[in-house]
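Trainee: The structure under discussion is supplied below as structure tokens; questions concerning it will follow.
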């Protein structure tokens, strides 16, 4: 990377390197897990780590004592050390979050020694990182619910902060991830475990190495949140040898642990990704080098960061702002956002990262007051407030101070008047912009581009990088044009023609709006993965071109849903909300910019305002809220709505401009578009859908009711490169059905139909899979089926194919209805009939077999029969997320019992059908006996409807739960009160754990030293685990 300014020594200290030459492979011979471990330890020792042998908690504590004494220049006597340990270092009541807080926030302890002198005892020296002692231990054994051996642990000042889990080359890396997951449940967090201090996990199979934060947050625990290390050009560093030579350099690792991790106020530990660190480092380097050269207030003294939407810009900009405040020559850091709503969101986000370091300002006077305070160096403000302040105040002390400006999404009104004022008023500033969509000459409306205002690009991480690293998802774009009479209108791209009044009216033709609304209602559940009873799936947004369009759609949805509810008592309407306001006629800075809607509703015309009032009243009556269109009430409505979209309380949100930029909701997977989008606006709007969430969310679904194909390709080419189209856009339906070659990797991917036919040929009867090799082959093949089906269910063509399986082909009325609903002509209909999908029953049987093998494999593993096995299961990953997404809930199963009974099917046949269903469901397998007993012991004819069956089942299950709990307590001779308390807690959290003391308190009086104690504890624990699996979700008293 060439830098134009004076280079200072600091620039060579980047931890994300510009250059790195890969290590040569040391040999081609087979490398076992222990070989890999030996090599890693040797490499770390060569890099200056000290290897020590520590095998017990007490030895680990003794080492911590020695390291902290050296670091702090003190000596503890035994009673002082005991006091320090019990009160602070390893307080028995500390959980994992308390320990993390001690590394990030409370890392200095004011300790009073026996002779009454007070000393600051540091756990870690954050000012001078290289003073911290780094050591390694291996194969430390920790007792917990299961004794676990940890591969390699890195200690900092004696405390275990990094855990490395290795698997031999060729093993699926997810295996190592799952193992860490198991440890954190079983023993990292057992009482008095210093392993609660762990900050960072590193997993590797030699070929692929990833790191991730130790967090208890379930959504951040997914494998998708693991990351590779990388160079500054985003080339990944995957091999363990290369990872060790770069990320495990002592200076680098300590920086990641201390400077590039954040423990936020929602108590989530976040560790930054390499591109976030690289950008932050380069901003700090630029500020320092410009200051040294006295070269401020010019484009050369700043720069911009191009990081794609959804890649975590807020965390990066926060860290850059936070670390800039620590430079002693900087007086203030302004974090400037563009809109009122973003101001609030950024304040919330910033406060999440660090509650004390941010001053928001309600208005310009508030901003002025904040400038006078010395205690906080970071100020969050909007460009509008900053501009008003500069216009109103000709002389402020801050104008002559050393100031850093960081602009979030730096491409809007900052280009205008505010920039001129800023350059006039501030004498010594360094200005940086973050953007996901820079303005280049190609998409600029005037002469100004991102680079001409902010200076050169300091770091980039574009959408192709993010998709390759699986940090954002691809887009699947449907150009939906099934309305022949509106075709010429929907394919028009000439802006002048589009804005002509008669065309605007034609877009709002009631027939067109009704057809599109009906399409959305028909396809909503399929697009948002809600086709299975009880599945939560995702939610969606509809972006429309004007306030009139929003009104028309909202009213049409309401009418069509009311009509459907009148026809069917079981119809469940979608929960729909809308928000829009007045968009001031501001000049655009770039082609395709989404015009900015303000929170000022007073400028709206009266009919739009009345309509919005009515929509908000409906929202209020549903959610028991009290919002309105007056300015404060409207702002609060915006905030409440944003939260409810994130929580999935809203199914579909209709918007004009708001929420299409800067709004982040990982549960949103579909955007319906009836407006013309281009360049920046298109990328911003599409990016609402492509946040990673879990394995069921494979891409962002975009369904456009106008022809945006050319605009889409133009936008992704501008913000990526010429090959971006192949990376950013999902493959076609035909490619997934028939197979394709991946352009990026050159790998041939089999089509869905090939997988189906192999499945049916090799495993016609899933109940007869006997040998271990057959089991493994089946699991791999059915896993491939689940992954392909999960992707295909987003395609309309696949939904049509599945719908065809459900109709009676001998019924001409049903056939004609099907053709009309799915826009299928005779030729297409004949073609569809040639494609055969496996019957639903067959898939249920396959799912049961898959679940059975998973259970069997877990039992085998626990019994450690693996030693004798000749089949290597290491490269098999069970697709648990995909199974869960198609869960069938208990209410559905009970409804089925009611239907079967009404059709006078015998109990024997009914029980077989119910067993098949339950076994194919991951969450309800343990309830099989309970449901079967219920059928056998209940006179179903006495129950008149579905609701009574559900009530009767829960009454029955609660009675059984009570009876079995008492029997278990008696049989195992447990302490009754403690056992009931422990069972109640476990039922509430839906799993049993051996962490903490709750389980021990239930056991009969036996000394923990008695050899039978451990056996007894294990036996009781296993029985309670089965009990919880069987009765969770049943309710009732214990």
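Note: Cβ is positioned from N, Cα and C throughout, glycine not excepted.
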Trainee: According to Swiss-Prot, which listed range is motif 'DEAH box': 400-403, 404-407, 408-411?
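Mentor: Checking Swiss-Prot against the ranges 400-403, 404-407, 408-411, the motif 'DEAH box' one is 408-411.
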Trainee: Compute the mean position of the Cβ atoms of 307, 308, 309, 310, 311, 312, 313, 314, which form the recorded ATP site, and then list in sequence order the other residues of that chain whose Cβ is within 8 Å of it.
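Mentor: In sequence order, the nearby non-listed residues are 316, 436, 461, 466.
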Trainee: Where among the binding-site residues 307, 313 do you find the Cβ with the fewest other Cβ atoms within 10 Å?
Mentor: 313
Trainee: Is the region 'Helicase domain' (732-860) in contact with the region 'Nuclease domain' (31-249), using three or more Cβ pairs under 8 angstroms as the rule and ignoring pairs under 6 apart in sequence?
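Mentor: Contact criterion not met.
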Trainee: Sequence gap of 6 or more, C-beta under 8 Å: which same-chain residues meet both conditions with respect to residue 311 (ATP binding site)?
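Mentor: Long-range Cβ contacts: 273, 275, 276, 436, 461, 466, 471, 472.
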Trainee: Per-residue pLDDT averaged over the motif 'DEAH box' (408-411) comes to what?
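Mentor: That stretch averages a pLDDT of 71.
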Trainee: Using a Cβ-Cβ cut-off under 8 angstroms and a sequence gap of six or more, which residues of the chain neighbour residue 310 (ATP binding site)?
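Mentor: Looking at Cβ-Cβ distances below 8 Å from residue 310 (ATP binding site), excluding near sequence neighbours, one finds 436, 466, 471, 472, 664, 687, 690, 691.
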Trainee: Since the record lists 308, 309, 314 as binding-site residues, which of them has the fewest other Cβ atoms within 10 Å of its Cβ?
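Mentor: Candidates: the binding-site residues 308, 309, 314. Fewest Cβ atoms within 10 Å: 314.
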Trainee: Can you check what DSSP calls residue 307 (ATP binding site), collapsed to helix, strand or coil?
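Mentor: Assignment for residue 307 (ATP binding site) reads strand.
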Trainee: I'd like the per-state residue tally for the region 'Helicase domain' (732-860) from DSSP, helix first, then strand, then coil.
Mentor: 90 helix, 6 strand, 33 coil
